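Visitor: Following this message is one structure expressed as C-alpha cells.
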Amino acid sequence: MPDSGQNHRNLVVEVVGARNLLPKDGQGTASAYAIVDYDGQRRRTKTVFRDLNPQWEEKLEFLVHDPESMASETVEINVYNDKKTGKRTTFLGKVKISGSSIAKSGSETLVYFPLEKRSVFSQVKGEIGLKISYIDPPPQAPETEAAAKEAEEKKPEEAKKTEEETKKAEEEEKKKPEGEDAKSEAETKSDPAEAPKSEAPADAPAEEKKEKKKAKAEEEKPAAAEAEKSLAVADVAVVASRSAMKDLEIRSLCGGGGSRGGGAYDLVEKVPYLYVRVLKAKPAENTDTDTYAKIVIGSHNVCTRTVKSTDWDQVFAFHKAGLNSTSLEISVFVQNTVETEKDKPPSKVDTCLGSVSFDIHEVPKRAPPDSPLAPQWYTLEGGGPGGDVMLAVWFGTQADESFSEAWQSDSGGSIVHTRSKAYLSPKLWYLRLTVIQTQDLKLSGPKARPAADLLVKAQLGQQVFKTSKVSAGSSSTWHEDLLFVAAEPFDPSLIISVEEASSVHSVGQAKVPVSGISRRVDDRSVPPSRWFDLHAGDAFAGRIHVRTCLEGGYHVLDESASATSDVRAASKQLSRPPVGTVEVGVRGATNLLPMKPGGTTDAYAVIKYGPKWARTRTILDSFNPRWDEQYAWDVYDPCTVLTVAVFDNTKHKSGSKDTRIGKIRIRLSTLDTNRTYINSYPLMVLHPSGAKKMGELELAIVFKCNSWISLIQAYASPLLPRMHYAHPLGPGQQDLLRHTAMQIVSARLGRSEPPLGPEVVQYMLDSDAHLWSMRRSKANWFRAVHCLTRSAEFARWVRGVRAWTHPSTTLLVHALLVIIVLCPHLVLPTLFMYLFLIVLWRYRGRPAVPAGMDARLSHVDAVGLDELDEEFDGFPSSRPPEQVRARYDRLRALAGRAQTLLGDMAAQGERVEALLGWRDPRATGLFAGACAVAALVFYAVPFRVVVLLMGFYYLRHPRFRDEMPPVGVSFFRRIPSLSDRVL
C-alpha cells in the first residue's frame, strides 16, 4: 500500500465483491481476483477460490499526483481467473470508471458495475461491486501557517537591509581613485577563472575588496527587488484570494476547464478596459482618522470606501470607449473631525494628502494568461502632508480575472444587483419514505367511542404527504411509499406523525434526521428499516416502523420535460464522462424597447444549461447593450436544450421584480460539432394584448465534441437513468415532484448574492407549462395535424392511383405490385434505399442556423384577446364571475367535441370484441363462416397469387367500382358497440 502522505490526494478503491461470474476453470466455477490500474499504478486483490460470487472486501489506495487532472483519468478494473486452478489465466471482465464520477470520501456508495468485454470474442458475464472515493490531504497546521507568515514578515526587513548595504557599497565605490579601478580590472581580467573562486585575503588591496563587494551587491539587487515584489504580493493576498474564489466559481461554471469561456474569449469581441487597483495608503504622519481615495479621469469621479486602516483593496474598471481624458489622477483624503459649538455635533473636513497622475498612453497592457500586475508604492505629491499609496494601473479586457469583482463604469459601478455572477442549482434527491406499520399505539378518547381511521403524515420542509386510511388499532399496517424532493444542504429532519383521519388529532410524532438516511443508486440494494418511538409531547405514544433512503438512481426533473438540459442521475457515481463542451458567447442585444416608465432599459442576460447558471452584468440605460461575455459548460447528453433569456433589471432601483424581455432555446443536437454559429434571434414576449417583439439577441455558440464514439453511444443509450424504467413514477406524481423541485430551486437561487429572482428562475424553467392555455392547445393540435400531413398526402396519392387520374402512374403501380409479389426479397432493400435517397435529397435544405422561438408555431397570431387573458389569469381565477362562466361554457363545448371523438374511438374497439363475443349471433356466425372459407381458399391458392389478385382488385378501374361502401365496411359498422348502454 503506498504512502498516503499529507500533501497529496489519495484514491481509495474498495473492491467489495462480484456476482454471477462466468465459469472458466472447466469445473463449473472460477477462482477470481481483480487487478486495479490507475495513473500507472497497479494493485491486486487476493484470489477467492472456486466461487462464482467472490467477496474480497479489500481497500486499495493510489496516489493522485495531479488532483486537477483527476477528472480526465480513468480507473480500470480487470477480473481474471487464477491460472493456479486452470491451464492459463482467463479473462472474466473489466470495468472502466471515469475520474469525474468519483465521490469524496464519506459520500461514496456501493455500486455494482456490469462487466464489459475486452474484445468482440470475449465471453463475459456478471457484475463487480465497488466503492470508489478520494481523500484530500488535511489542512495545514496552524504552527506551519504562523511560521510562513513570520517568514513573509521578515522578507521586507531583509530586503531593506540588503538595499542599505548596496547603497553603502556604491558610495564607497565612488570615493575610489580611477587608477585603482583600472588596476583592479586588470587583475580581474588576468585570471578570470579564479576570481569567483577565492576570497580576497586580509592584506589584499582595499579596492579589490570593494569591487567584490560591489559585485555581490549587484547580485543581491534582484533579490531585494524580488523581496519588494513579494511584499507587494503579500499586501494583495486578500485581493488574490477573492479573485481566485471568483475564478473558481467561473471555473465550476465552465465544468472545471479553464476560466470563463475557457480563457480564449474567441466567440465575442474583446472590449478594452482601464483597470485601477487601489490597495492601501501610508500617510506621512500616523493618523487614526477615516481615509479614502478618489479616482478622477475625465467625467468619471469615483471614490473608494472610507476606512480607518487605509486598506481599501478595490478594483475599478473604466470602459475605454467612455474615457474622455488622457490623464488619470488618484488622490488620497483623510477626514478630520472639527469641533463646533456645544449644541451641534462635530463636523468632518476632508484633507488631501496628495495625488498621483498617470498618462493613459503610457499605461501597460495585460491579457491572460499573463501574471497579474504587481502593485507598487507611489509617492503622493501636490502640496499636502504627503505619504505613499500602493496601486496598479493597466489596460485589459473583460477576460481579466479582476473584471467580475471590479467597479464597472458601464454597469452601475459597485451595485451588487448589476454584477455578473455564476450560480449553481442545489443538488436534488428523491427521498423515499416507506411506511410499514405501527405498534403499541396509545389511542386517546373514551373506550365506548368507535375506533377512528388512522393515517400517517410526513413533512419535509414545506412538503406534506399522507398515506391512505386504515382501521385504528394498537398495530396498523400500510406498506406505502411517500416520495419527497430533498435538496443539499438537507433540511434537519423528516417529521412523521400518526393522526386520526376524522379529527386530525395527532397520536404521536417522530423525527428522522435526514443526514443519517442511507443512499442507494439502484434497486438491487434494499435500505434497512428502523423503528422510531412516537411521542405526544413528552409521553410515549407508540412505535412506527419505516424505511427511508435517498434515491441516487433517479434524475430529479426540475424543468419542463420538453426543454430539459440535464438527465444525469443524482448520484455522482452513476454519471458518465462528458461527450463534449458547449461554449456560448453573449455578444449583445439590439433595438430593445423601453421597459421602464422613464423610457429606459437596464438589460442583462441569463444562460442556463444543466445545474449551472450564468448571469451577465447589467448594462444601464441602453437599448443596444453589449455584454461580450463568454461561458462554457460540459455536455453529458447532446439531446438537451440550452436556454438564454434577457431581463430588464429593476431591483437595483426600485427592488421590484425584473421584467421579461424575451427567451430563446437551442437544442444542442441541432448543432454541427466544432462549428461556430453567430446569429441574431428575435426576442418575443407574450402580453395580454398579444405577442410583441422586444428586440434581437446576438449569440455565438459552438458545440465541441471530444469523441465521436461517445457521441454516437449517447444516441443509443436511454434518455433517463435506469431507475426511471425499473421503477417508473406515475405521470401525476412526476408532475407534482417536478413542480416541487422548481420551487426549491427558485427559493435557493433567490437567497444568493446577488439574488436570482423567482420570476427569473420560473421563466427559465417554464414553471407554468402545465397550466391550461387555449393557445397552447391549438398550437399542439396544429402540430399533430402537421405531422399527419404526409400521411394525408400519401392517402390522396393512393386515391388518385385508384381513380386512374394519371393512367401511366397507375400502370407503373401495377408493374411495381407484380415485381413485389414475384420478388419479395427486394421489398425491404428497396424501402430503405428509398428512405436513404429521400434523406440525402433533403440534406440540401437542412437548417443553416439553430432555430429560436417560432411565433407562428406558438400560434400567437391567431388567438383572441380573451383567450390570452385567460392564459395570464392566475390559479384560482381572479376574473369576474360572468367572464369565468363564459370561459367555462367555451371549454365545455370544446370538451364535448373531444368527448365525442373518444366515444367513436372506443366504439371501434368494442365492435371488434363484439364480433368475437357472439353479442350479435348472426354477425358472429357470418364472420365464422367467412373465416372458414378464407382458410380453405388461402390453403389452396398460393399466397403470391392471392396478394396479386387483391392488389389488382383494389386498383381496378372506376368503371368496375361501385360508389357504395364495400361489403366488409358495411358489415363492420353494423356490429353493435356499448354506446347504447351508456347513461
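For all residues, glycine too, the Cβ spot is worked out from N, Cα and C.
Remember, it's a predicted structure, so these values are computed and weren't measured experimentally.
Per TrEMBL, domain 'C2' is recorded for 1-112, 410-532, 563-681. Marked as region 'Disordered' by TrEMBL: 133-229. Per TrEMBL, the feature compositional bias 'Basic and acidic residues' maps to 146-197, 206-229. Residues or ranges marked as transmembrane segment in TrEMBL: 811-837, 926-955.
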Visitor: Same chain, outside the transmembrane segment (811-837) by at least 6, Cβ under 8 Å from its Cβ: which residues?
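Guide: Tertiary neighbours of the transmembrane segment (811-837) are 801, 944, 947-948, 951-952, 955.
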Visitor: Given a Cβ distance threshold of under 8 angstroms, which distant residues of the chain, six or more beyond its ends, lie next to the transmembrane segment (926-955)?
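Guide: Counting only partners 6 or more residues beyond its ends, the transmembrane segment (926-955) has Cβ contacts under 8 Å with 801-802, 810, 813-814, 817-818, 821-822, 824, 915, 971.
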Visitor: Per DSSP, what is the residue tally for the domain 'C2' (563-681) in helix, strand and coil?
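Guide: Its residues fall into 7 helix, 57 strand, 55 coil.
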Visitor: As a quick check of your reading of DSSP, tell me how many residues in the domain 'C2' (1-112) are helical, how many are strand and how many are coil.
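Guide: In the domain 'C2' (1-112), the DSSP-based counts are 12 helix, 54 strand, 46 coil.
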Visitor: Using DSSP, break the domain 'C2' (410-532) down into helix, strand and coil residues and give each count.
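Guide: Per-class counts: 6 helix, 63 strand, 54 coil.
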Visitor: Over the domain 'C2' (563-681), what does the predicted model average in pLDDT?
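Guide: 91, rounded to a whole number.
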